[in-house]
Amino acid sequence: MEEMSPDNIHGLILAVSSSIFIGSSFIIKKKGLKKAGVSGPRAGEGGYGYLCEPWWWAGMITMIVGEIANFAAYAFAPAILVTPLGALSIIFSSVLAHFILQEKLHMFGILGCVLCVVGSTTIVLHAPHEQDIESVKQVWYLATEPGFLAYSAVVIVVVLALIFYYEPRYGKTHMIVYVGICSLMGSLTVMSVKAVAIAIKLTFSGMNQFKYFHAWIFIIVVTICCLLQINYLNKALDNFNTAVISPVYYVMFTTFTILASMIMFKDWASQSGLQIATELCGFVTILSGTFLLHKTKDMGNSASIRGATSQSPRETPVFINSGSTRSSNSNL
């Protein structure tokens with residue numbers, strides 16, 4: 001095992017800090033929503049009283065700080081290190097919900113948290129070193145190599161097919177359509193975000209990168225991809241169960257992001273087969289923990305268990321919507 005580079009350590013600290021802030025923000029915002037719901041209509045019923053609630057704004061500020069830290073992490077560390085660590089935010093939110101919101105964490109949920117930590121540690125200890133990049137033009141060169149151009153072309157063609165053919169026909173019944181659009185575009189978003197973050201990092205070090213048109217093209221790509229992701233993720237949340245969307249989206253988004261990073265930045269070029277296999281095992285461990293945590297997040301309450309026993313496991317939507325899904329979403 002190689003010693004971690006200073007840049008990887010900086011990226012690790014920023015990524016973990018981001019997970020802490022983002023995971024905490026969900027709990028703080030939910031506390032604000034609960035307080036606002038006591039004195040007026042709830043947000044799920046069309047109420048906007050939470051905008052006057054300090055707790056909700058504290059949660060928003062916390063989330064913004066977390067997103068900034070996550071953005072900065074990509075300037076220092078490879079995506080294969082930063083992206084999977086997003087699962088840690090699930091752990092922090094679950095643990096805080098257990099103690100602050102009294103949303104009991106089931107034994108299997110605790111096991112899921114442990115799996116996420118073990119998988120994250122495995123990836124951190126074996127993550128590849130970040131490339132030495134001295135200009136945004138170098139990132140542009142990597143982005144315009146045949147391999148990544150081919151990947152980008154395939155992503156764009158598949159996304160267009162999903163948007164114009166499959167979404168009108170199957171979008172409201174097959175979750176994979178919306179999640180596929182978000183995940184594929186998300187991989188391009190992260191690559192562009194990394195380019196912009198590197199440009200900002202180099203600019204602060206005294207080498208202005210925004211005098212090159214390449215940096216502005218990356219910013220335009222980030223904007224377009226983010227808008228598409230927000231639009232179709234909202235559609236997914238409106239039509240399907242959040243508890244199912246979250247782990248599936250995390251798995252697909254992380255997988256495509258690591259694949260895109262491997263093609264563009266060639267993260268694994270300097271690593272042995274054993275190191276790559278170890279990282280993949282760590283990634284699979286995180287995925288297992290994430291699914292387990294989401295699948296059992298409501299099992300801590302006995303009432304939820306009694307409610308669940310009255311339904312067949314087959315009624316839980318994974319890729320196909322059902323009537324029960326829409327009714328459950330109306331309560332979100």
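Backbone N, Cα and C define each Cβ position, glycine as well.
Small disclaimer: the values here were computed from a predicted structure and weren't measured.
Feature annotations, courtesy of TrEMBL:
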type: TRANSMEM; residues: 12-28; note: transmembrane segment
type: TRANSMEM; residues: 48-69; note: transmembrane segment
type: TRANSMEM; residues: 75-101; note: transmembrane segment
type: TRANSMEM; residues: 108-128; note: transmembrane segment
type: TRANSMEM; residues: 148-166; note: transmembrane segment
type: TRANSMEM; residues: 178-200; note: transmembrane segment
type: TRANSMEM; residues: 212-232; note: transmembrane segment
type: TRANSMEM; residues: 244-264; note: transmembrane segment
type: TRANSMEM; residues: 276-293; note: transmembrane segment
type: REGION; residues: 304-332; note: region 'Disordered'
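For the transmembrane segment (178-200), the partner stretch with the most Cβ pairs below 8 Å, chosen from 48-69, 75-101, 148-166, 212-232, 276-293, is 212-232. With a cut-off of 8 Å between Cβ atoms, the residues of this chain six or more beyond the transmembrane segment (244-264) that come close are 78-80, 83-84, 86-87, 90, 142-143, 145, 147-148, 151, 155, 175-176, 179-180, 182-184, 186-188, 190-191, 194, 233, 236-237, 283, 287, 290-291, 293-295, 316-318.
Sequence-distant contacts of the transmembrane segment (75-101), counting only residues of its own chain at least 6 positions beyond either end whose CB sits under 8 Å from a CB of the stretch, comprise 7-8, 10-12, 14-16, 18-20, 22-24, 26-27, 30-31, 34, 66, 109, 113, 116-117, 119-120, 123-124, 127-130, 190-191, 194, 197-198, 200-201, 246, 250, 253-254, 257-258, 260-262, 265, 267-268, 279, 282-283, 286, 289-290, 293-294, 297, 300.
Through the fold, the transmembrane segment (108-128) approaches residues 1, 4, 8, 12, 77-78, 80-81, 84-85, 87-88, 90-91, 94-95, 267-268, 270-271, 275, 278-279, 281-297, 299-300 of its own chain, all at least 6 residues removed from its boundaries and within a Cβ separation under 8 Å.
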